[in-house]
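Take a look at the structure below.
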């Protein structure tokens with residue numbers, strides 16, 4: 001594990017010691033190297049886990065998320081170069097340091113062996129994210145967004161700490177590997193219901209569940225590009241990861257308690273997809289589509305069958321790469337037209353034909369077209385929910401249709417139509433941006449050749 005953690009820590013002195021013209025090249029190259037090293041964790045044997053030390057372990061659930069986290073840092077650095085070009089040197093270095101610190105916390109969160117350590121690191125990821133949003137966001141509303149983000153996630157996760165201390169008292173350990181062997185069945189009673197809610201609420205807010213999702217569109221819209229990317233791609237997955245880990249402790253009770261939350265996520269999935277159809281703001285549309293995809297994941301995790309777990313893991317990885325790519329595309333539009341309003345930046349296909357190709361591919365990935373892993377994840381989830389209850393097929397079908405509608409709506413509004421007068425003389429697409437899109441799409445297409453490495457612990 002140290003072969004990833006120590007190089008990530010060493011990226012910080014590298015950032016501060018690099019020459020001004022070498023900062024981006026150095027950090028991007030070295031972080032890409034770290035992400036290539038982390039791919040070795042994906043090659044794991046069956047359902048056993050690698051206990052790397054007393055503090056860290058990886059298994060087939062945390063390894064794909066670990067690889068996703070490390071893969072994202074070089075992409076964030078590549079995406080941020082343009083909008084930081086006018087910033088003073090110290091501020092650039094501080095920004096990169098924040099991103100590296102966030103990656104460090106995320107890696108340790110996904111591989112922590114012990115639940116209290118997991119909780120501390122889970123909370124620690126808030127700090128760099130908050131600084132990135134409130135310091136480098138575009139509009140003045142970023143402070144409001146930061147407050148929303150902080151309070152929603154903190155209020156949601158404070159009961160979790162109390163619940164964890166209570167479990168520690170009862171069981172004597174919070175080690176993930178021990179818990180699987182020692183977990184006592186949890187009968188339904190008032191106190192256990194509260195315990196269940198305390199354990200799950202933190203992750204439900206983080207996912208976010210429909211109704212607790214108000215912080216997400218705000219945070220996404222106000223964050224700079226790297227903030228949006230890491231928020232959509234990795235921070236939402238912390239919720240899913242935590243839920244999958246902690247359901248071991250709450251085994252029989254979840255069967256009774258999950259119903260209202262499943263209904264809420266099924267309903268929310270359709271609601272947020274419908275909200276996407278009437279968005280005028282491009283980033284806001286992508287943020288709401290994230291909520292709708294994560295509702296599928298919540299649904300899958302609460303069904304608690306091997307198939308649904310596999311679907312949830314695959315969907316988390318697929319969504320991480322897809323939404324990150326969509327945010328990059330939205331940002332490349334924003335850098336040229338200086339507006340996120342879709343009406344003002346239409347007809348770009350004539351001016352940026354290669355970008356239009358990337359937009360098409362990203363939209364098709366978002367609506368789960370066959371060769372991508374988005375389809376594999378969604379198929380698993382749809383089948384699992386159908387075998388749980390036949391009626392869900394109506395809701396799932398509706399959701400899939402609306403998803404296709406808003407993806408194509410997003411594509412046609414930004415690419416088709418007559419372009420507006422003020423964007424005649426925009427810059428062409430850079431090699432940097434094309435490389436960025438390629439690095440997002442490559443894993444999505446390659447993983448469809450061998451999806452079993454991201455299907456989680458059951459496969």
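Every residue gets a Cβ built from N, Cα and C, even glycine.
Residues or ranges marked as transmembrane segment by Swiss-Prot on the basis of sequence analysis: 22-42, 60-80, 98-118, 147-167, 194-214, 224-244, 256-276, 284-303, 308-330, 350-370, 391-411.
Among 60-80, 147-167, 224-244, 256-276, 391-411, 224-244 has the largest number of CB pairs under 8 A with the transmembrane segment (308-330).
No contact links the transmembrane segment (391-411) to the transmembrane segment (60-80), because fewer than 3 Cβ pairs that are 6 or more residues apart lie under 8 A.
Of the Cβ pairs linking the transmembrane segment (60-80) with the transmembrane segment (224-244) and spaced 6 or more residues apart, 3 or more are under 8 Å, so the two regions touch. If you look at the transmembrane segment (98-118) against the transmembrane segment (224-244), you find at least three C-beta pairs under 8 angstroms, all six or more positions apart, and that counts as contact. Within the same chain, residues 204, 207-210, 213, 216-217, 220-221, 232, 236, 239-240, 243-244, 247, 254, 258, 261-262, 265-266, 268-269, 272-273, 275-276, 309, 311-312, 315-316, 319, 323, 326-327, 330, 340, 342, 366, 378, 380-381, 384-385, 388, 399, 403, 406-407, 410 sit at least 6 positions outside the transmembrane segment (284-303) and bring their C-beta atoms closer than 8 Å to a C-beta of that stretch. Sequence-distant contacts of the transmembrane segment (350-370) (same chain, six or more residues past either end, CB-CB distance under 8 Å): 289, 318, 322-323, 325-326, 329, 332, 377-378, 400, 403-404, 407-408, 410-411, 414-415, 419, 423-424, 426, 428-429, 433-434, 437, 440-441, 444.
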